[in-house]
Every structure is written in structure tokens, then in C-alpha cells.
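Copied from TrEMBL, the annotated features are:
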type    : residues                  : note
BINDING : 179-186, 243-247, 297-300 : GTP binding site
DOMAIN  : 170-445                   : domain 'Tr-type G'
Amino acid sequence: MNYIKTSCNITLYKTICYNSLSPYASTIRSNPQKLAVIALNLTLSSAKSASKFVKNISHRGGLTRLEAVAVADCVEEIGDSVSSLQDSIRELDSINYKDSAKFEMVMSDVETWVSAALTNDDTCMDGFSLVKTAVKDLVRRHVVELSQKKKQFSVFAAAEAEVKRAVPLKDYRNIGIMAHIDAGKTTTTERILYYTGRNYKIGEVHEGTATMDWMEQEQERGITITSAATTTFWDKHRINIIDTPGHVDFTLEVERALRVLDGAICLFDSVAGVEPQSETVWRQADKYGVPRICFVNKMDRLGANFFRTRDMIVTNLGAKPLVLQIPIGAEDVFKGVVDLVRMKAIVWSGEELGAKFSYEDIPEDLEDLAQEYRAAMMELIVDLDDEVMENYLEGVEPDEATVKRLVRKGTITGKFVPILCGSAFKNKGVQPLLDAVVDYLPSPVEVPPMNGTDPENPEITIIRKPDDDEPFAGLAFKIMSDPFVGSLTFVRVYSGKISAGSYVLNANKGKKERIGRLLEMHANSREDVKVALTGDIIALAGLKDTITGETLSDPENPVVLERMDFPDPVIKVAIEPKTKADIDKMATGLIKLAQEDPSFHFSRDEEMNQTVIEGMGELHLEIIVDRLKREFKVEANVGAPQVNYRESISKIAEVKYTHKKQSGGQGQFADITVRFEPLEAGSGYEFKSEIKGGAVPREYIPGVMKGLEECMSTGVLAGFPVVDVRACLVDGSYHDVDSSVLAFQLAARGAFREGMRKAGPRMLEPIMRVEVVTPEEHLGDVIGDLNSRRGQINSFGDKPGGLKVVDSLVPLAEMFQYVSTLRGMTKGRASYTMQLAKFDVVPQHIQNQLSSKDQEVAA
């Protein structure tokens with residue numbers, strides 16, 4: 001194979017291509033790769049054969065220069081690939097396998113060229129098929145040895161080879177787009193992809209053509225269900241974008257996206273202002289300390305009001321806004337914005353799909369307002385720099401570069417939140433929004449380094465700096481099933497780099513995983529890459545044991561990053577396959593869906609002989625059932641929704657329980673005293689040992705812990721999980737022969753049953769915050785219906801167009817099928833949103849009903 005580079009030099013290529021190919025002209029015109037392979041096969045034999053091939057072809061011409069050049073390109077490309085493969089295999093033969101770094105690097109080269117030879121459509125594959133057999137023969141004798149040796153070495157040597165960054169890390173922006181449902185997240189993302197050149201046309205949500213809403217369910221319903229990732233470029237910056245759902249049932253998608261992002265765009269509907277889910281995602285961004293900018297969208301709609309939305313950001317979110325733009329017009333006369341940094345008007349003509357705009361003088365009627373907001377902006381930003389402050393007080397305003405620097409500083413440190421405006425649907429305001437992302441949101445090097453812990457000793461803190469030269473560390477934040485690739489694990493690379501074919505350590509489980517492929521995702525399409533670097537958001541194919549929230553790291557430098565918090569399901573339904581053929585398919589489908597979505601659970605109720613699925617709401621479970629049908633071809637019967645209640649206690653109780661069993665031989669003996677205490681809402685379960693003097697030997701205490709933890713999943717009233725309880729082991733005794741960990745575990749179970757009954761057990765139910773928007777003439781009916789559902793009205797509000805807003809708290813058990821009732825009583829003119837607010841005590845008569853049902857089932 002190496003004859004391609006040694007004997008068949010560039011002169012030979014030119015001779016073949018320009019002078020000697022006329023007998024093959026017709027073939028070349030239809031498929032130039034075929035002739036390239038003819039030449040290649042001869043060069044594979046010997047230089048002499050290649051020369052003979054050249055001499056025997058008559059000089060009749062017949063090929064254009066372009067056709068000849070195409071053949072030359074094919075021969076060179078194929079030749080280079082095969083030659084490199086042969087070089088790698090020769091080098092592999094000469095390597096001492098104890099030199100692990102070199103071995104792994106060459107092995108990676110071999111695998112890369114084999115992959116190119118057998119799968120890469122961009123390497124003249126129509127012709128290359130003729131050399132597949134030769135490639136396989138060359139590699140076959142190495143495959144077994146490679147697979148055996150691979151287990152002995154880390155293949156990070158392949159990634160350690162110097163990789164030149166196309167974009168410096170300081171020019172990366174990892175951002176998410178978040179908002180209440182229907183605020184325009186996906187519409188804005190589609191415009192971003194169009195203006196940055198990622199897409200050649202604009203996809204529309206209402207037409208089901210949005211790139212980022214790729215699932216069938218998303219296209220049919222016009223909503224985002226799962227977060228989608230893509231990468232684009234703007235002003236020499238690389239922007240990795242995650243478009244998130246707005247519906248409360250899919251809030252976990254927002255949570256895990258924000259966990260791995262460096263910045264966010266928070267969208268607001270200029271008509272509705274700050275809505276309930278806007279508050280939820282804002283709190284999620286606060287939780288992870290994500291800097292953000294606000295974009296007041298839909299300025300073209302009837303009732304649009306930028307300044308009211310700005311005031312709601314202050315009152316509802318407690319944020320300090322920094323207005324960088326004010327709108328020029330509103331509703332159907334909205335035509336642009338005033339840029340307060342440049343003090344220029346930006347006007348879109350409405351043609352060219354918003355791609356063209358112009359900078360103009362500020363309209364006269366807006367000059368005073370612009371000066372007022374410019375002064376307010378200056379007062380906020382000059383506080384961040386003493387020198388700038390002194391100059392400003394002396395009447396010298398900072399220049400544009402200084403203003404941008406200070407806005408960036410304040411945004412990243414959370415001193416304020418920049419606010420911009422526009423209309424994504426009308427193609428106005430998106431380019432300045434992209435400029436703001438580049439100018440004001442942080443790069444990976446401007447956020448705090450990622451802290452983790454040592455897997456062997458959680459007390460030791462390990463810091464991973466955002467640097468390619470640091471050991472690799474990444475967080476798996478999403479699992480997705482791909483019909484062509486299999487399971488894809490989305491990972492944010494916090495430090496170091498990885499390559500396809502390398503091994504990583506799942507630090508949470510202590511297991512090594514092999515990366516089959518590295519894929520850069522664009523919604524549901526994908527592109528293979530060789531190496532992922534610090535700051536990248538990448539999908540890994542081939543991982544088997546990694547789930548959402550787990551850390552992948554360099555096997556030689558393990559670290560465990562902080563895991564994500566996943567909400568517990570609040571609703572459940574029973575599901576049964578319609579036929580025996582559906583049983584196995586349903587089990588497979590449920591396992592895969594649960595791997596993708598940590599907020600979805602399923603279990604088998606043996607007493608009722610049913611499978612129970614649990615999720616965050618009716619829509620969530622409806623989508624799950626629909627995916628089972630479409631993706632896994634499962635036909636199933638679905639029961640009525642049921643509420644996931646909780647159980648807790650209302651007072652302190654102390655119980656003494658002795659487990660004693662003697663049936664010949666060694667018996668079982670354990671004596672414990674446990675105190676049960678109620679905790680504040682949301683505290684979960686705690687165990688505490690107050691044993692002194694060895695009343696219960698230290699080795700038996702884990703048995704008590706395990707016994708109590710097992711019982712916490714099934715309460716004494718109706719079998720629901722127990723929360724907000726502390727169990728304290730205060731005393732006990734043991735027998736030198738008959739005591740064991742198992743005996744104390746069984747004693748703990750008995751103590752739990754007795755203690756819970758003495759501690760005033762009570763049931764808790766999920767209470768939802770329900771916001772209803774209705775025409776004023778239907779307000780009385782809406783309030784009366786909410787009251788009948790055990791609702792508590794919190795407040796009333798107004799919206800443009802004579803609409804009234806009712807904010808209330810209603811038990812989830814009373815909200816099933818509410819959408820049908822609301823549409824009926826308001827003639828389809830009202831809408832509502834619902835999200836979990838808290839768990840609260842169930843009325844006694846309902847608790848009695850639930851307890852009696854559980855007793856009937858048990859009987």
C-alpha cells in the first residue's frame with residue numbers, strides 16, 4: 001500500500017489523470033471514483049504495474065481537465081487513507097506493548113482509518129468498496145490482540161495528541177433558552193439558527209417544521225417536550241444552545257439543562273408578562289447561579305407592553321433589571337428598538353425575513369425616554385468601576401467599549417439582568433440578542449471552576465479548571481434513544497478532552513466505559529467528530545452503564561461532580577399490555593424511557609397484578625404512553641390517573657421493640673428503642689444514632705438504618721412513601737450469640753410499624769398552584785368551580801383585553817380533566833397553568849377513604 005506514496009508520486013497522478021484515461025472516459029463521467037480505484041488497485045500491487053497501466057493507455061484524450069482533476073482528487077484521498085492505515089499497522093507491529101501511551105495512540109489511528117475505510121461516505125466510498133477486503137485482511141490479525149491489550153491501557157493517549165482549537169475557549173457560549181410555555185422559545189431558536197447560517201430556512205412551530213421540535217408529538221402539539229441541543233456560530237464565537245420545554249410537566253428538562261450551562265436567555269411574552277413557569281425556571285437558574293439576559297418577545301401582538309413586563313420582572317422575580325433597549329412602537333406598529341448602548345435606533349424593514357436592518361437616529365418622540373433609561377443604565381454600571389464612577393461624576397460618560405465591559409461584568413456577577421426586546425416571529429430583534437449573548441454572557445473560563453470530590457474519600461474536594469490540559473471530567477445530563485445509533489449520552493465537558501474509541505471512568509459506579517462515537521448534535525441529526533474539548537456539549541454513543549447525573553472522568557484522575565436533584569412524581573396510572581406479544585415490548589420500552597427521563601418511574605404492583613407508571617402530570621404520562629405506542633409498537637390499556645400521596649407524622653413518639661426468635665440452634669435477638677420526630681416540610685427522612693456506651697454495638701447500627709429505610713417507602717396508613725421524619729436510635733441491648741445485623745434490621749421494621757402508629761400518622765397530598773385566565777363575564781363561574789374543588793383563591797389580576805387572572809391553590813386530586821370543564825363553562829375562551837406548590841395535610845374524611853381502600857386491597 002505504501003507504493004502510493006513512494007512510487008506513485010504526484011507526477012504519476014498527473015500522467016494518469018491528464019494524458020491516459022480516454023478509454024475510461026464514459027465511466028469516469030458517470031462515476032470518477034471507479035477509475036480512481038482501477039489506478040489504486042494497480043498501485044497496490046507494485047509500482048511496475050502502475051507504470052505499465054499508464055503506458056498501455058492510449059493518448060487519445062477524451063477527458064476534460066475538470067474530470068481529470070476529479071479523478072486525481074479521488075486517487076489522492078483514497079491513497080492517503082490506505083497509506084496511513086498501512087503505516088499505522090506497520091508501526092503497531094514494531095511497538096513494545098508495554099509503551100502504553102504510544103500503543104494506544106497508534107491503535108486509535110488504526111481504528112480511525114478502519115472506520116473511514118468502511119463507513120465514511122466522504123472518502124469516495126463508491127470506489128473504496130473494492131479495497132474493503134484488503135483493509136479487513138490487513139487488520140484481521142490485529143483485532144483480537146487489540147481487543148485484549150485495550151483493556152490494559154487507558155486510551156487517553158489518543159486525545160493527548162495536540163488538538164488545535166477552531167474556536168478559543170474564551171469565545172465559547174453555552175446557553176439555554178427558557179420561558180413559560182408559548183413565550184416563543186423555539187421560534188426564537190429557529191431565527192437564531194437562520195441568521196447564523198445553521199439553517200437555510202426558518203422553521204415554524206405552528207407549521208410543525210421547527211428544527212428543534214423534532215419529535216412527532218412536539219410537531220403535532222406545537223410544544224417542546226424534550227430539550228434539544230445544537231451548535232452555531234456568531235461573530236467568530238461558538239454558541240452551544242439548548243432549547244428547553246416550557247410546560248410544567250417537563251420542568252426536569254429545564255433543570256438538567258441549566259445544570260450544565262454557563263448562561264441563559266429568559267424569554268417573556270410582552271402581553272402576559274411574567275407567568276408561573278417563568279418564575280419556576282428563574283428559580284432554577286438562581287439555584288445553579290446561571291447568569292442570564294431577558295428578552296421581552298412578541299412586541300408585535302395586541303396588548304404588548306414592554307414596560308409592564310419590566311416592572312413584573314422586578315416585582316415577581318425580585319430581579320434588578322438593566323434596560324438596554326426600548327421598543328419603537330408596539331403591536332402592529334412595532335418596527336424596531338432603541339439601542340441604549342449606542343444611542344441609535346435599529347429598524348427592520350420587514351423584508352428579507354429580517355436579515356437586513358439599519359441604524360438610524362432615535363425618533364424625536366422617544367429621545368427623552370431614551371435619555372432617561374440611558375441615565376438609569378449608567379447609574380447602575382458605573383458602580384462597578386471606581387475610575388469610571390469618578391469620571392462619570394465629573395460629566396465624562398464611558399465609551400461604548402467600557403459600557404459593554406461593565407454590563408458584562410454586572411451580568412456575570414449577578415448585579416443586574418440586561419433586558420432586550422423584539423418579536424422573533426416577525427423577525428425583529430434577534431440579531432441584537434445574539435450580539436448580547438456574545439457581549440454579556442460568560443464563557444466557560446469566566447464561570448467558577450467545577451468542584452468535585454474524590455470517589456474514595458468524599459471529604460476531599462477536587463477542582464477541575466476549564467482547560468484542555470486538565471484531566472478529563474464531564475457530566476452526563478441527558479440520555480436519548482436514537483433508532484440508528486442506539487443510546488446517546490449527552491455530556492458537558494468541564495475539563496480535558498476525550499476522543500472516539502477512548503475509555504472513561506464512570507466515577508459514581510467505578511466502572512470503565514468505552515466511547516464508541518463522539519457526535520455533535522443538531523436537534524435529532526448528528527455529525528461525527530474525533531475529539532471533544534473543554535466547553536463542548538457532546539453526545540457519546542456506546543455507553544452502557546451511565547445514567548443522567550453521573551460523572552465521567554479520566555480513569556487515572558477520578559472525580560465525582562455534584563449530582564442533579566430530580567423531583568418525585570406526583571401522578572400515576574396503571575397500564576397493561578393488550579396482548580401477550582406486547583408484554584416484552586412494553587417492558588423494554590419502559591426501561592428505555594425511564595433511562596431517558598429520571599422524573600418518570602414505573603413499578604410492578606404484584607397485589608393488583610398491574611404495572612404502574614408515575615410522572616409529573618397528565619400530559620407527561622400521556623406522552624409516555626404515546627411514545628410506547630409509536631416507538632416501541634406497544635398497544636396498552638391505561639387506567640385513570642391517581643395521585644401520589646405521602647405519609648408523615650404529627651408528634652414525637654418513642655417505642656421499644658424486641659425481636660426475639662428461637663427455633664433450635666442459633667436464635668435471633670435484637671432490642672432497640674427508637675424515637676420518631678416530625679420534621680419541616682421538604683426535609684425528607686433522617687436517621688440519627690444517640691447510642692452511648694455500646695448499648696447497641698457499632699456493627700449492628702447499619703442493620704437498624706437499613707430496616708428503617710426499607711419501611712419508609714411504605715407507610716402504615718395507605719402504603720404511600722413516608723417523608724419529613726427523623727428516626728433516632730436512642731437505646732437497646734443485644735445477645736452475644738443470637739444478635740446479628742439481620743436481627744436488628746427486623747427489629748427496626750417492627751419499631752417502625754409501632755412508632756408510626758403512635759406518632760399521629762397523617763397523609764399529605766400535592767397542592768398545585770393554578771392560574772386561570774378568563775374573560776370577566778366567566779369569572780364567577782371559574783371562582784365557584786375552583787371553590788368546589790377545595791381550592792383556595794390567593795389573588796386576582798388583570799390582563800389586556802378585559803381578561804381576569806385568578807391565582808389559586810388546588811389539590812391535584814381535584815384537577816383531573818379540569819381542562820374539559822374549564823372549556824365548557826367559558827366556551828373555550830379561558831386557559832390555565834398548573835404547577836406543584838407544596839404537599840399539605842389531607843382532610844380527615846379523605847384520609848379515612850384512602851386508608852379503607854388500602855385495607856380492602858390488602859384483604
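From the backbone N, Cα and C atoms, a Cβ is placed for every residue, glycine too.
Features as recorded by TrEMBL, highlighted on the structure.
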| residue | record | DSSP (3 states) |
| --- | --- | --- |
| ALA179 | GTP binding site | coil |
| LYS185 | GTP binding site | helix |
| THR244 | GTP binding site | coil |
| MET299 | GTP binding site | coil |
Starting from the Cβ of ASP182 (GTP binding site), draw a 10 Å sphere and report how many other Cβ atoms land inside it.
20
Measure the Cβ-based neighbour count of ALA179 (GTP binding site), defined as the other Cβ atoms within 10 Å of its Cβ.
28
LYS185 (GTP binding site) CB neighbourhood, other CB atoms within 10 A:
27
Residues satisfying Cβ distance under 8 Å from MET299 (GTP binding site), sequence separation of at least 6:
SER270, PHE306, PRO327, ALA330, GLU331, PHE334, CYS421, GLY422, SER423, LYS428, GLY429
Neighbour count (Cβ, 10 Å) for THR244 (GTP binding site):
28
If you average pLDDT over the domain 'Tr-type G' (170-445), what do you get?
86
